[in-house]
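Peer 1: Swiss-Prot lists UNK95 with the feature active site, nucleophile. For CYS23, CYS26, CYS71, CYS74, the entry in Swiss-Prot reads Zn(2+) binding site, with the evidence type sequence analysis. Here Swiss-Prot flags 1-106 as domain 'MsrB'.
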Amino acid sequence: MSFCSFFGGEIFQNHFEPGIYVCAKCGYELFSSRSKYAHSSPWPAFTETIHADSVAKRPEHNRPGAIKVSCGRCGNGLGHEFLNDGPKRGQSRFUIFSSSLKFIPKAEETSASQGQ
């Protein structure tokens, strides 16, 4: 929590419905609800991305263990990845701003993938 500024309005912090989280700016798939977990920080936390290129990463030179992440498609700022700070040993914690995400419920995700 010390690496991010908290402005409130984190609507996805305690949101655990099945579905996917996409970039609010371009709609690119970022995180699955299966990788989301409860964390004490005020931001939604995820252990992994949907695709290897879902996020672009840039080191935080003044913050060891913190990496700035942005959308892998459009560059929209998403938050941070904290190395080895996930729920299991060796996992990362992606600390993501709710305002940078749009949620697509599982039912809509299935319909969209079937071309409906």
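Cβ atoms are placed via backbone N, Cα and C, with glycine included.
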Peer 1: Using DSSP, what is the helix/strand/coil residue split across the domain 'MsrB' (1-106)?
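Peer 2: Going by DSSP assignments, the domain 'MsrB' (1-106) contains 7 helix, 39 strand, 60 coil.
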Peer 1: Fill in the CA-CA distance, CYS26 (Zn(2+) binding site) to UNK95 (active site, nucleophile), as an integer in Å.
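Peer 2: Between the Cα atoms of CYS26 (Zn(2+) binding site) and UNK95 (active site, nucleophile), the distance comes to 19 Å.
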Peer 1: Looking at the domain 'MsrB' (1-106) alone, can you tell me the average pLDDT?
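Peer 2: Mean model confidence (pLDDT) across the domain 'MsrB' (1-106) is 89.
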Peer 1: Quick one: give me the count of other CB atoms within 10 A of the CB of CYS23 (Zn(2+) binding site).
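Peer 2: By my count, 22.
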Peer 1: Please work out the number of neighbouring Cβ atoms within 10 Å of the Cβ of CYS74 (Zn(2+) binding site), leaving out its own Cβ.
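Peer 2: Neighbour count, Cβ to Cβ under the 10 Å cut-off: 13.
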